[in-house]
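For reference, the structure discussed in these notes is given below.
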Amino acid sequence: MVPGQHRTIDYIFFGYFLFQIPSTLFMDTQAVYSKWLYPSWMKAIPYYYMENYRDPFLANAWKHPWYLSFCLLEHYFGIPFFFWATKSYYYGALTRPRIIIPAVIYSSHTITVILAVWTTTLIADFSKYEELAPRTFNERLILCSAYAPFFIISLVLLIDSIKLSWKQKCN
């Protein structure tokens, strides 16, 4: 990292957005686009996740139009944002304050998506699903736990960005 006005939280956000780039490109996009687009080694990446978390949304986003729309937003707007956010948090939010309002928008959107995923996971009837889906309440909780880190980081990002925005306004 570049020396300067860095806060510990900037390092966390830098790592989070850096992780989001390959995660989205190599895993999340496979829920939306044709399988022939991906080499066999790339198709193996989500296999472990699907087997262990039984995520019906990533198994087939087309069965959940609301989830598909979130995926498409992430692919077309999120990926460019992840690159910009990675660079911004590399230098630190205090030295790159233009990241603050987009970070509020991104984190609010991500929190909304995850709340929708959690709600659907907990109350939907997956008994007639052909794809992988949680079969028991325990499996539903396990699936919810897979989304928890993204929720927590987004919530912290939202709070931090709002605090930085208020600080800027006061200065």
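Just so it is clear, glycine is given a Cβ too, placed from its N, Cα and C backbone atoms.
Feature annotations, reproduced from TrEMBL:
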{"type": "DOMAIN", "residues": "9-158", "note": "domain 'EXPERA'"}
{"type": "TRANSMEM", "residues": "12-33", "note": "transmembrane segment"}
{"type": "TRANSMEM", "residues": "66-86", "note": "transmembrane segment"}
{"type": "TRANSMEM", "residues": "98-120", "note": "transmembrane segment"}
{"type": "TRANSMEM", "residues": "140-159", "note": "transmembrane segment"}
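Same-chain residues lying 6 or more positions outside the transmembrane segment (12-33) and placing a CB less than 8 Å from one of its CB atoms are 1, 42-43, 45-46, 49, 57-62, 68, 71-72, 74-75, 78-79, 82-83, 85-86, 89-90, 93, 103, 153, 156-157, 160. Residues belonging to the domain 'EXPERA' (9-158) score a mean pLDDT of 95 in the model. When the domain 'EXPERA' (9-158) is classified with DSSP, helix, strand and coil residues number 121 helix, 0 strand, 29 coil.
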